Structures are given as C-alpha cells and as structure tokens.
Amino acid sequence: MFKYLNPKRFYYAVGKKKFLEFILLAVFMLFFYGPLMYMCITAFGNVYEVPNIFPTEWGFKWWNFVFSQKSLVSSIVQSLTIAVITTVCSMVLCIPAAYSLARFRFPGRKIFMLSFLLTNAFPKLGIYTSIGILFYKYNLMGTLLGVVIIHMINSMMFMVWLPCSAFQAVHKQQEEAARDVGAGPIRTFFQVSFPMAMPGIMVATLYTFLGSMEEAQGTLLVGLARIKTMPVEMYGIILDYPGQAGAVFAILLMIPAAVMIFAMKKYIGPEAIAGGFKMK
Amino acid sequence: MAERSLKLEIRDMTKRYDNGDGVEHINLKIYEGEIVTMLGPSGCGKSTILRTIGGFLDVTDGDILIDNESIVKLPPEKRPTAMVFQSYNLWTHMTVYENLAFGLKLRKIPKDQIRADIDKHLKLVSMSGFEKKYPTQLSGGQQQRIAIARSLLLKPSVLLLDEPFSALDAKIRQQMREELKKIQAELGITVVFVTHDQEEAMALSHRIVVMNKGKFEQVGTPTEIYDNPATKYVASFIGEMNFVEKDGKTVAVRPEDVAITSEPADIQGCVRTIMVLGHYVEVNVQCGDLVVKCFVDRDQSERLNPGDPVNLKFLKTHIF
C-alpha cells in the first residue's frame, strides 16, 4: 500500500501541473491550519511536555482552570459588553454619515472619505499616545467610554465606507417611489434605504464587532489595565501560565468570531468587501 | 368632447436650476380622463415639469393645482399624484405583494381590502400569480407593469409616467403602450406621460405637448400636430418631413404627400434609391442638392428604376 504514496508514482500519475498545485496546497494548508491545529491539540492536553509530539494526557484540565479564574471569565463579559457598545455606537454615528456621503455631493467629500483611511495609515501606537494626552485631559483614561472611543476610531473606516457604497447602490428612484406612495422621509429611510443597504451594513457591523473583540493595543494603553478585555487578559496569561491555558483562551476568543461569520456568511463575500472600497 | 372638468393646471410655473437651465412660464390645463404627453428631446425640460407635478422638484415661481387646489407646497407623499419612473421603481428587498401593499398599509386600509385590491390590479396589468416573486426575478417589462399597478392601487388623481417604457425593447414597448391605453380607458384616469419617442406619443395621447429648450412649441391632438405643425421644429420632430427651399421660404411636405408624376410639377429630380418597407415603398429622389423622400404604393414603384428622371408634385404643403 505504501508504494502508492511514493512521490514519484504520484507525480507521474497526476502530471506535473497538478503535482505542483498539490504541493502548493499542502504547504498552504500546513501554514494556515497548522497553528490552528496545534492550538486545538494544546488546549486539550492536560500534560504536554517538550519531547513529545502529542500531549501525554488528554483532558479538560486547562479548560477547568480557565473557567475557575474569576478574572478570565469577567474579561469575557467585559469584551462582549464593549464590543456590543462599540458596535451600537458606531452604527448610530456612522450610518447617517455614510448615508449623507452616499446621497449628497458637497465640496471636500472625497477628502472626508479618505480621512478615515488616515487613522489606519499611521502607526497605531502613535495615535494612541496622542489620544492619551487628550484623554488624560478629559478624564477618559481607564474608563469604559475611553476604550469604546478607541475601538470606534478603529472601526470607523469600515463603518463609513461599506455602508456608503451600499447606500449608493440604492437608486434615487427607489426612494422617490417610496415618497410617492406616501412614506415620509424617515419612514423611507428605515423601510426602504436601510433594508436595501443591509448586506453592506451587516458586513461593516461584523468587522466592527470582531475588531472590537480582538483589539488589545489601544485597550491596554487607554484602559490602563483597568478595563480588562479578553485580548488584554491574553497578555497576562501568555506570561504567567503554561501554553495550554493560552490555547484554551485563544479558542474562546475565536468562538464569537466564528459564530458571527457563520451567521452572516450570506452577506460576506469578496464583492461586498471590495464594493466598499470603491471611491465613488 | 363634451364639457370636461379641469384636473390639473399649471399656472405660469418657472423652475430654474442653479446652472441656469430649466423651464419658464409654463401654462397648461389638463382635463379629467386625458392622456397628455410631454414630447421632446432629452434636456428639453419635460421631465422637469413632471417632477414638479410629482413634488420631487420645488418650483421657483408659479403654481400647480389639482382639482383647483394648490399642491405646490406639499411634499411628494402628500400629493394626490403617483409616479412611475423609467427604471428602478420597485424595492428589491420586498416581494411583489409587499411592494404593492406598502402604500396601502400606510393608508391604514384593512388587510382583506388590500388583498382584494392587489388581486384586482395584478389582473389589470396581467400579472396575476406573481405576488410572491421578488422584483429581480421579473423581466423589465414585468417590473414596469408592477410599478404601474402600484401607482394605480393608490387611486391617484393624476398618474405621472416618466418614460416608463424607454428601457424596454421595441416589441414589449409597443405591447405595453397598447395595454396602458386600454387600462387608461377602463379606469378613466388622467395621465401625464413623458417621452422622447414621437411614435409613442402619437399612439398614446389625446393631446401632445411638443417641447424644445424649456418651451412649449405646440399643444394639440396628435392629428393636429401631425397635419398642422405650428413651427418648423414641430414639423421636423414629428413624423417624416421634407423641407424644400422655394422663393426664400421653406416649404415642408410629408413623404406621403409627394406624388411622382410624368407631367411637369413642383420640382424635378432623378430617382436615387427605392426601398420596399412592406405595404408601401420609400423612393428617394435627388433634386439638385436635395433629397426628397416620397412614399408611394407598390404598383407605382415597380415602374420606377434608379436613375429615372421624375417630376414631383406636392399635394399638401406647410410654409414656414
């Protein structure tokens, strides 16, 4: 049986092109899923020491450990709370902005759009430092509000660009038709423009939520280690506990992302994302 | 027509855009149960007038009245008009039924009544059974039918149609035109129709308003406009027309009013081309620098050959 696994045999069986593709795929899979697999193995290994390739004892020991740590559990709650607040505030603030950018032509519109890129173009640390100076002045350091503002700044680009292009895809006539049959401007927005732009808005919301869930740098700096979200807690765990606890925690951190992506897989696609970056 | 009641009146209306374009001093009376078409090339202001009636553009000056009440200050949702646009009329996140019911729900009409109304109107536009479909599953013509049904459901005082068929292909366009005329006759609704297609205007309208550069060139029935064009512009825009310079004046003559004879007549020339267009034949005659188009019957055309010298007699002319 093993002779059929001989690379030479395989090479001639499938041809040169397929063989190279296979190698490339294998390398890619290993590169992509290797760390993920290692993480999963680690998380379920009660005893896992250096010379062994696999854990010598499997189990949920580290899971129990993580859940017994009060600070870890509270950080999960903290993370979710901040992510929800950030997402809601971001929507309330950015969606009207996106709508007006999509509908009205005013001087400086393009510059305004591009300005959202700036926060992502500079090294974050520099921005956080200068924000820190302002935050100290307004007593926002170490507060929930301060952290939410930092998260919102990071999400703003997605939250404006993606819904903006989604609103542009709604035709003026469709809104006018709604006005024509008797809907006022506000009803027209909520029952016609908004639902029709929903796919784009959903993708942006997802980015905002996930971005907030995994943001560590800014949270750590502005939160002054008083606001402990999961990624912030991760730093401590990596330093203080064995790798297994970190792996368990990483998996926990992944769950909300995986759930959200699965729930919204209908809306997420290369076109939806690429569409958001068209400058119209 | 007997005593007609006035439905829509535009009084000395002016709409000027920031760039200076627009329409000025528009006066028009439209009577109950009429189809009035605004006809003109793109940019002549016909859509501007329609949009001011619908409430999508505010007027710079003047007044618009429906049933003798000024509507000029009302937003579109408060006006007794309903509009069908050239395209993108329907909301793609709603089914056909939801699209149709949207306006009725806002008017707090009972559910059973809504259902009955929608059934009736879908039948009217021959779209029964499409309730659960989404707009993107329909063809362009079907979408326009639904849009027309949605407008009719609201029982508007005036139905406004902004080139509703111009995005459709020729065959469907003709069919829709015929159906619209039938529906209009059944319901007796007042319609203002905008188009750049003179054939469509001729076929549909009770009266046509020919527009050019923001002004009315002529208002009249299709036959009036065809038989007695008031200006040279109208003469050239509606139907086919030959223009012959004679004694410093322009003589306009329709191709069907040109007779080919052997006796001395108005003008002489040589047959240039002969084209059979079905039951009639188009003969182009070269008269000096000018090419005169004539429509003749098949019998006569069979006696003609390209290059033959002929005399042309103008049976009916307009002089500008």
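Cβ from N, Cα, C; glycine included.
What TrEMBL records for A:76-264 is domain 'ABC transmembrane type-1'. Marked as transmembrane segment by TrEMBL: A:20-44, A:76-99, A:111-136, A:142-167, A:188-210, A:241-263.
The stretch in closest packing with the transmembrane segment (A:76-99), judged by the count of Cβ pairs under 8 Å and taken from A:20-44, A:142-167, A:188-210, is A:142-167. Listed as Cβ neighbours of the transmembrane segment (A:142-167) (distance under 8 Å, sequence separation of 6 or more from its ends, same chain) are residues 82-83, 85-87, 89-91, 93-95, 97-99, 101-103, 113, 116-117, 119-120, 124, 127-128, 131, 135, 193, 197-201, 203-205, 207-208, 211-212, 215, 218-219, 222-224, 226-227, 229, 272-273, 275-278, 280. Between the transmembrane segment (A:241-263) and the transmembrane segment (A:20-44), three or more CB pairs separated by 6 or more residues in sequence fall under 8 Å, so the two stretches touch.
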